[in-house]
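Notes follow the structure.
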Amino acid sequence: MSPYISLLKPRVIWLLILASVAGYIYGGGGVDSRLFSLLAVAFLSTGGSAAFNHYWERDIDALMTRTFKRPLPSGLITPNAALAYSLALSATGISLGFLLLGLLPGLFVLLGWLFYAVVYTIVLKRRTWLNIFGGGFAGNAVFLGGYALAKGTVDLPAVLISFAIYLWTPSHIWALAFKYRGDYKRAGVPMLPALIKEERAVAVISAINAAAAAYILWLYLQFGGGAGGAIVALGVAATIATSIYAAVKKTEEAMWKMYKASSPMLTLFLIALMIQRYRL
């Protein structure tokens, strides 16, 4: 993979892009020119913020076994080149958000970038274990941006649905951090699993993960319907099952299984919202 593609964190941003599309389709949008504009804007803005994260965290990435081979610590890209690249992508994405999508969707594009690149990456990540709760609003923003593009406004159902992404984020990130808690301790990054006893961390993360799954099921019962319910139930069941398994076993392997199940659950939920839009 090209180092410049790696800077975009494609394995991370694809789910955010899907969330923006789900918001648009659920809000009443269709397969049209606005959808393709949304895809371009979402790719540029989320990719730009991810690249900025690479630039800002290059020092701690060099200290962690999970990240030391990233383009900046490994010397494949210079810091100045990465910064210029990230800012160019970000500025283009945010500008096009306002120009192509409109004021309200563009505002959500800007807010999504600010919450991840500034609030999470610059301000909170190295200071407090609550960092993820500030950065998590970036997930709300991508869904709401797509929804606002379709509806022209934002309502309570959209806000509640956007919190599915917000509540999914802490347990997903912390389950990954649990596996690499030694890295975070070494780098001095205050992720929760690196700060508390392992058994306590497992209990907290698995409980939050199960709660997020239950919230997603409740959301779909309230605002969804149709054939999509089956796939939501499948994702929720797998997530709750792996959460219980992790809570009982209290092993790194069990936590990893829980981590691997959480992204498919959110993906299935977002797909189900789009299916529901067409009353399938």
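Using the three backbone atoms N, Cα and C, a Cβ is placed for every residue, glycine included.
What you see is a predicted model, and the numbers here were worked out from it, not measured in a lab.
Annotated features, as they stand in Swiss-Prot:
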- 12-32: transmembrane segment (TRANSMEM)
- 35-55: transmembrane segment (TRANSMEM)
- 76-96: transmembrane segment (TRANSMEM)
- 98-118: transmembrane segment (TRANSMEM)
- 129-149: transmembrane segment (TRANSMEM)
- 158-178: transmembrane segment (TRANSMEM)
- 199-221: transmembrane segment (TRANSMEM)
- 226-248: transmembrane segment (TRANSMEM)
- 255-275: transmembrane segment (TRANSMEM)
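Same-chain residues lying 6 or more positions outside the transmembrane segment (226-248) and placing a CB less than 8 Å from one of its CB atoms are 202-203, 205-207, 209-210, 212-214, 216-217, 220, 254-255, 257-258, 260-262, 264-269, 271-273, 275-276, 279-280.
Outside the transmembrane segment (129-149) by six or more residues, the chain places 16-17, 19-27, 29, 34, 38, 42, 46, 49, 97, 101-102, 104-105, 108-109, 111-113, 115-116, 119-121, 123, 158-159, 161-163, 165-166, 168-170, 173-174, 190-192, 195 with a CB less than 8 A from a CB of the stretch. Only pairs six or more apart in sequence are counted, and the transmembrane segment (158-178) with the transmembrane segment (12-32) gives three or more Cβ pairs under 8 Å, enough to call it a contact.
Same-chain neighbours of the transmembrane segment (12-32): 38-39, 42-43, 46-47, 50, 112, 138-139, 142-151, 158, 161-162, 165, 263, 266-267, 270-271, 273-274, 276-277, counting only residues six or more beyond its ends whose CB sits under 8 Å from a CB of the stretch.
Remote same-chain residues near the transmembrane segment (76-96) are listed as 3-4, 7-8, 37, 40-52, 54-55, 58, 106, 109-110, 113, 117 (criterion: CB distance under 8 Å, separation of at least six residues from the stretch ends). Here the transmembrane segment (255-275) has long-range neighbours at 15, 18-19, 21-22, 25-26, 161, 164-165, 168, 171-172, 175-176, 178-179, 202, 205-206, 209, 212-213, 216, 219-220, 223-224, 226-229, 231-232, 234-236, 238-239, 241-243, 245-246, meaning same-chain residues at least 6 beyond its ends whose C-beta is under 8 angstroms from one of its own.
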